[in-house]
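Worksheet for the structure shown next.
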């Protein structure tokens with residue numbers, strides 16, 4: 001990314017892709033934003049809608065395009081994918097979305113793209129790992145949203161439980177984006193004070209908070225059909241950190257190289273993000289039990305990936 005032009009390509013203009021585009025145009029100075037989707041009419045409508053947003057914010061060339069448009073992009077964001085069907089196994093979902101991913105990643109790489117991939121398609125940790133495998137890119141140039149959304153939900157749950165502002169909560173969810181995620185209770189701070197000095201952190205408290213975090217997505221889906229605003233902002237923050245060379249500490253699906261005793265897989269962890277992508281993984285302190293749980297899921301994840309690939 002030595003050039004001055006700032007260009008992002010979004011693949012997938014569904015609810016997440018569209019919401020992300022809106023957040024990106026609001027919050028990042030771009031020269032060019034390209035939307036790639038099979039349903040071109042919808043993408044063209046989004047372009048027209050986003051042009052009006054750009055008139056209030058930043059001068060941006062927004063248009064629909066093809067995978068070939070990625071050749072000079074800084075970032076390709078992949079939000080495309082299919083949701084899990086009733087009764088469908090996790091492996092079946094992985095197989096379906098891996099095929100979709102392959103149909104995207106190969107032509108993007110063939111275009112000459114030399115930037116960073118950012119992934120939000122689910123299951124995000126596995127599909128981020130698969131993107132790196134399919135692309136052959138260095139691990140630091142492939143990043144997923146990981147447990148960033150889980151972390152946001154944790155902050156909201158704690159803020160509501162303790163009657164404080166979300167900005168007063170410093171907390172993280174690690175590992176898998178999903179039911180195997182790990183709430184790092186020992187490291188939570190409320191107004192710069194350890195959580196255990198603010199309230200009683202017993203098994204009941206932990207269970208209530210974990211349920212609030214893991215159950216929120218299902219609640220939203222049952223009420224409005226899908227979740228998309230939170231992950232859209234997560235994507236925006238990652239892209240902004242890359243475009244602005246922020247060296248920002250974010251929770252992402254990061255390539256692990258020995259951290260937490262795990263190698264060659266992507267899982268949720270704090271990391272430093274800058275113009276080169278993932279600059280550094282910050283290994284959070286975990287108890288022996290939490291570390292074992294994370295390693296157990298990593299082993300399952302590797303098995304599923306090897307079967308699917």
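Using N, Cα and C of the backbone, Cβ positions are placed for all residues, glycine too.
Source: prediction; values computed, not measured.
Long-range Cβ proximity for residue 177 (active site, proton acceptor), meaning a same-chain Cβ under 8 A and a gap of 6 or more residues, is found for 122, 123, 124, 125, 144, 145, 146, 147, 149, 150, 253, 268. According to Swiss-Prot, the active site, proton acceptor annotation covers 177.
Around residue 103 (NAD(+) binding site), taking its Cβ as the centre, 11 other Cβ atoms fall within 10 Å, counting all chains. Taken from Swiss-Prot, the feature NAD(+) binding site covers 16, 37, 67, 81, 82, 103, 145.
Mapped onto three states, the DSSP output places residue 125 (substrate binding site) in helix. Summarising the annotation, Swiss-Prot assigns substrate binding site to 90, 122, 123, 124, 125, 150, 151, 152, 153, 227 and lists sequence analysis as the type of evidence.
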Could you state the whole-number distance in Å separating the C-alpha atoms of residue 81 (NAD(+) binding site) and residue 90 (substrate binding site)?
-> 14
Max Cα-Cα distance in Å among 16, 37, 67, 81, 82, 103, 145, the residues listed as binding NAD(+)?
-> 22
